[in-house]
Structure formats: C-alpha cells, structure tokens
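Student: Feature table excerpt (TrEMBL):
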- 193-202: compositional bias 'Polar residues' (COMPBIAS)
- 1-349: domain 'MnmG N-terminal' (DOMAIN)
- 193-213: region 'Disordered' (REGION)
Amino acid sequence: IVIGAGHAGCEAALAASRMGARTLLLTISLDTMAWMPCNSSIGGPGRGQLVREIDALGGEMARLADRTTLHSRRSNIAKGPAVQSPFTIVDRRQYQLLMKYLLEQTDNLHVRQALIKKIQPNGETLEVTSVFSETFEAKAVVLAAGTFMRGEVVYGDVVEQAGRYSEIAAPEISRNLEAMGFAMGRFKTGTSPRVSAASVDTSEMEIQEPDERTEPFSFWTEQFAPYNLVCYKTRTTEATRGTVLAHLQQSRLFKDGSRPIGTRYCPSIEDKVLHGADRPGHPVFLQPQAADGAELYIQGLSTSLPPAAQEELVRSVPGLEHARIMRPGYAVMYDYVSPEQLLPSLETKL
C-alpha cells in the first residue's frame, strides 16, 4: 500500500507494481494525483541529479517532464560539469493528466480515493483504515503524505486545516503515528502568488531564453520537442523590503514567534528580508504554468502575508506595478516523521 500520490508516492507505486507486487495507491483526491501546487519546475541544482537517478532506475518523472516541457536549460553553467544540472518547467496540467493515466493503466496497480486516519499492525500485516472505516491490509506500507499530515495553510492571520489551499488535511494520521511511538517534527514551506500574464510589463525585465541545444531529461527519450517558452527575470526593491517589514506582524507565522523550520533552498520573501538585510535586492523569476495558460508564477516571492499586503508586495517589483494576482501565495505547516527513526532502507525502526 502506498499512501499519497505526489511525486514520491506515484514513483513508489509504479516501482512496486512493476516488480510484481499487487499494489494499492491511496490518495485524498484522484483529481490531484501528481499535481504540482507550487511552481511546475523539475530539476535544478541537486534535484536534477536526483531525477536522473530516478530515471535510471525506471521511474517516470523524467520521461513525463520531457513530454510536457515548456522551458528547458542547464543550471550552474558557470561551474564545473559535476554540479551542472538539467532544469525544466513543465505544463503541470498535462504532466498531471499523463501521470494519472499511466497509473490507472499499470498492471498490478489499483488507485483508490481515501483519506487515511490509522495504520496499525495486524499480525504479520499492516492494517490501514480510512475516515470512512474502510480497511486495507498489506505486508508493507509506504507513507508519502507530503504536506498533508496535520497540514495548516497560512495567509495573513488566517490558518486553515489543509494540506494545500482548499484541500483537506490528514490530522489523524499524525496522532496515530505519535501513539505508535514515532517522534514527529514540524516543517514549513510556501508558495508565491500567480499573476495574469496580460497585466505584466515585461519590457522592464530580462528575458530568459531556453537553451538553444536542449537535451531531454530522460535517458530513454528519443523525440524531444519542448514548447520553448521564455521566462523573465527582475528583482525586488527597497520598496519590497519596506512592504514586508510593514506587514510582517500580520502573518500568523511571525506574530506568535512559533514558526517551524522552513525549506533551506526556497526561503520565503519574509525570511530573505529578515536574514538578508545587507542585500540590495533578490532575484525574481516569472515562469509560465501552461502552454496555453494566462498565469505566471512569481518564483522568489513565496509569502504568508495577507492578500491585501501581497498586492502591495507584488507591485513593488519592477514590471509588476500593475500586475493582477490570480492566486495569492500562502505558507503550509505540516508534520514529518524524524528520519532518525529510519533504517538506511527507509524502513522504520519501530
């Protein structure tokens, strides 16, 4: 049994079923399997090598990325080849639909919609129970819950129980794991606002063209035809910094001082301002979300400020003075199981 159908859960379910194991993939919603709620980029420093390793082991992420590429280039090109990484932005809706179809058509794999509340030993097997009291049994359970274990979405002073914006969380599984003796921690991540492409003045921005000679992500891709859309680069200003400082206490994360640990390589704009006071500005990238969509993702402005403050924040960036937000940014706090309780095989010690 695999619980969760994000990147990790999808690859785990495919790997198990292709090795001959009868596999059940459980997810809160069949409509959001393999969905990318943040930006739709795959690869980059460190992560590009990881995706290549998944590909070499027979995974699907790289292959589907090649079929849905909007923009592709190599990162860290100023450094040596050992640290250069493939980086691609994909059409997230196309990617999600292709992965969903693949999962549904794979032998030995059954996909089922269920919200899980309990995992417990039952003799030589593990029993998994849903909130509707459905039970499933297997010899092994892979938990790939992402941001959904006791997830809370934060924007301004509003805190909602959710793993992602408008998607229900799974609080009971955290309590269940604690009762089994697992030590739990708390992490924080976030996402940036999306703006209407028609409201952006790209004349003030640096154009980022895809590489002229792009190579596919997957070793197995024979025909590679990316859309080759451009991205745009701009920077935050002193007005951006002033906006963040003026509204900082309106975010629940900064008001009570009990923030969980944030992601190391993707800090929020609030963290950048607080810990990078000596920097004149921070880079901001506008990235397409779909081949025929109207939304642009603002990479570099992840925030938990309230929506009204986000309007001011976005319009402090050159080229975004008249930008219209289509989806506000938000932060997510969620539980994780301490990795000290895992064996090198990633099996639990308990």
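Just so you know, glycine gets a Cβ as well, placed from its N, Cα and C.
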Student: So, by DSSP, how many helix, strand and coil residues make up the region 'Disordered' (193-213)?
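Tutor: For that range the per-state counts are 6 helix, 6 strand, 9 coil.
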Student: Quick one: mean pLDDT on the domain 'MnmG N-terminal' (1-349)?
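Tutor: Per the prediction, mean pLDDT sits at 95 for the domain 'MnmG N-terminal' (1-349).
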